[in-house]
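First comes the structure, then the notes that go with it.
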Amino acid sequence: MSWLSKLMPSGIRTDNTPSKKRSVPEGLWEKCSNCGSALYRPELEENLEVCPKCGHHMAIRARARLAALFDADSTTEIGARLGPTDLLKFKDQKKYSERIKIAQKNTGEYDALIAMRGLLKGRALVASSFDFAFMGGSMGSVVGERFALAAETAVEIGAPYVCFSQSGGARMQEGLFSLMQMAKTSAALGKLRETGLPYISVLTHPTTGGVSASFAMLGDINIAEPQALIGFAGPRVIEQTVREKLPEGFQRSEFLLEHGAIDQICDRREMRDRLSDLLAMLGRQPAPEVA
């Protein structure tokens, strides 16, 4: 103990007095990438990954999104055991087969699209959602097959279909097999349309490439989340190609709504009620009671 410590009254800590550090669990707080606010993770999850300070829509996992949409304990997964295979033996910096294993381990999913049937306020619904954490939500053979199975299920049970898109586009590691999914998914929607069943496409940030060029823009109603980037090529690629500066907000959902490319913009926290009301109108049914 130093001479200064002896002179200090008890209870007053000097700089060299050891202090007890409180351990804070990792991942308990998250910083908003838009406004910089420190957000309590449990509250952020309850708010569906939307910043309560500025309304910025952060990435949300596919299962969390679908859980927020469907009635509790009403869902059955479609094509759950379908998993990708490396038919082309593709290799870039890593083998495609290795990338699949890493993505499956990190996400706990077999591929980038989750499809389910269930109830929305007591009414039958089929819905699918991309998981961007799985290889950027890229569309390969399994994504296309699950989407087609979901559309077929909707036809079988006479239910509307909703898809939440969040993707960088076709999966390059599957080559032409991935590009074929653009036609496959569009054809599946054609069968759904023949029956007169509604298809609503919800575009989230980002929705680009082959996904935006196929089923993501084929909805009877196309809805986007606020400030979502939607387009085929990214703005930087376009600027480098045309050698011109793009308008501010180009390819964002607000710009697309203003120019008639989408029908509505909806906050994620209001999406369940909005979809329920729209599907009731499209199905010529009375709006369900608020639940």
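The backbone N, Cα and C atoms fix where each Cβ goes, glycine too.
Residues or ranges marked as Zn(2+) binding site by Swiss-Prot on the basis of sequence analysis: Cys32, Cys35, Cys51, Cys54. Among the features that Swiss-Prot reports, domain 'CoA carboxyltransferase N-terminal' is placed at 28-291. What Swiss-Prot records for 1-23 is region 'Disordered'. Marked as zinc finger by Swiss-Prot: 32-54.
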Other residues, Cβ within 8 Å of Cys32, Cys35, Cys51, Cys54 Cβ centroid (Zn(2+) site): Ser33, Asn34, Gly36, Ser37, Leu39, Pro52, Lys53, Gly55, His56
Cβ contacts under 8 Å made by the zinc finger (32-54) with residues that lie 6+ beyond its boundaries: 60, 64-65, 68, 267-269
Sparsest-packed of the listed binding-site residues (Cys51, Cys54) - C-beta count within 10 angstroms: Cys54
Proximal but sequence-remote residues of the same chain as Cys32 (Zn(2+) binding site) (Cβ under 8 Å, at least 6 apart): Leu39, Cys51, Lys53, Cys54, His56, Met58
For Cys35 (Zn(2+) binding site), the number of other Cβ atoms found within 10 Å of its own Cβ: 12
